[in-house]
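Let me begin by presenting the structure, written as structure tokens, before commenting on it.
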Amino acid sequence: MSEEGEEISNLSSGSEVQHMHMNMHMAPEVKAASATASSISSGSGRNSGNGSGGSDSRIIGMASASVYDTAAAQMQEHKTTISCKSIDKTTISSSSLEDRQSQPLAIHYLASFHQICVVTALLPLVTLFTCFVTAYVFQYDDVHETHCRVYNIIPSISAITGVSPQRYFWRFSIALHLGPRIPIAFVYKNYYRSQLANLAPALVSRTNWLITLILVLNCVEIASLGGVTYISNRENYPIHEKIFITFMVCSLCYMLATIKLNGILHAPHTLNVEQKLSIKWKKILFVVSILSTIGLLVFFAKHRFYCHDLAFSWFAFFEYLIAIANMLFHFTIIWDFPSQFMLIVQAPRENLSQYFCAPPSKQKSD
């Protein structure tokens with residue numbers, strides 16, 4: 001009898017541990033049923049001492065088994081519900097992604113890059129001519145005044161754009177001119193880098209460095225042009241002079257680096273008609289700029305240190321040549337990008353990447 005009592009005690013202890021473990025995960029109504037079963041078990045334990053424990057134990061075992069089966073079923077149902085909710089969230093996420101990818105590509109702005117470049121390059125040239133004619137006709141004495149008080153027939157660019165109202169007209173046109181110049185500089189950078197795949201691996205690193213240098217020179221030139229425009233020689237001559245020198249140096253270095261880069265990227269037999277025209281005129285305009293710079297420095301020294309008659313006129317003449325050559329050099333972009341367009345589009349980024357980065361064969365099939 002003592003051994004049977006110990007076995008019953010062990011079974012009872014194991015049942016209580018299992019009951020505590022299951023009770024933590026039961027629903028409230030199952031917990032209540034379990035508590036009832038426990039009370040019955042306790043009562044039956046007391047009755048077993050009185051000799052009626054056999055049948056009661058079987059009833060209690062059946063009740064406990066029923067309770068724990070119900071708890072297990074509810075736990076399984078709870079897990080199934082969580083799994084269904086997770087599937088629903090995944091389905092919603094997938095459907096929202098599909099909805100985004102199915103959004104149509106909306107084009108809000110489409111313009112010919114060729115036309116934008118033509119307007120950008122010609123705007124300061126037309127404005128400069130207008131300022132020269134109006135200042136020469138209506139403000140002759142104001143624009144010909146120099147510190148030497150010598151005979152002069154050609155006013156400088158700083159003189160014709162430093163008087164009113166030409167000053168405001170010139171600054172307004174340069175503001176319109178500088179706006180597209182920055183995007184154009186980065187378009188050139190991306191265009192040049194797209195050509196690196198055609199080079200030998202040994203040349204890629206050096207050529208990439210040259211492309212970065214061209215971008216920096218172009219941006220400094222643009223900033224210097226804004227500086228000499230908005231800080232006139234009448235307002236602050238020392239600062240105006242230094243910014244003008246910076247503009248000249250960056251402009252010439254930019255021209256030379258661009259010509260050198262085109263010689264690296266393009267073999268002569270691979271050039272089309274537009275590319276040949278572009279490189280040809282770039283070289284011509286660079287030579288004109290170099291010769292004009294030499295003449296400008298010579299006559300500037302004659303005017304500044306010796307006050308020769310007409311020295312300032314020759315200085316101004318070469319200054320106009322440099323400005324026109326610079327504008328026309330940037331005008332050669334019409335041959336570099338003859339059929340490109342500028343777009344402003346609205347679409348998910350995934351769609352843009354798939355469309356604009358797709359191979360040419362895929363785009364044609366679409």
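From the backbone N, Cα and C atoms, a Cβ is placed for every residue, glycine too.
According to TrEMBL:
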- 113-338: domain 'CWH43-like N-terminal' (DOMAIN)
- 31-55: region 'Disordered' (REGION)
- 116-138: transmembrane segment (TRANSMEM)
- 209-231: transmembrane segment (TRANSMEM)
- 243-263: transmembrane segment (TRANSMEM)
- 284-301: transmembrane segment (TRANSMEM)
- 313-335: transmembrane segment (TRANSMEM)
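The stretch with the most CB contacts under 8 Å to the transmembrane segment (116-138), chosen from 209-231, 243-263, 313-335, is 313-335. Long-range contacts of the transmembrane segment (209-231) within the same chain, counting only residues at least 6 positions beyond its ends with a Cβ under 8 Å from a Cβ of the stretch, are 158, 161, 170-171, 174, 178, 181-182, 185-186, 188-189, 192-193, 239-240, 243-244, 246-247, 250-251, 253-254, 257-258, 260-261, 264. With a cut-off of 8 Å between Cβ atoms, the residues of this chain six or more beyond the transmembrane segment (243-263) that come close are 192, 207, 210-211, 213-214, 217-218, 220-221, 224-225, 227-228, 231, 278-279, 282-283, 285-286, 289-290, 293, 322, 326, 329. For the domain 'CWH43-like N-terminal' (113-338), the model's pLDDT averages out at 91.
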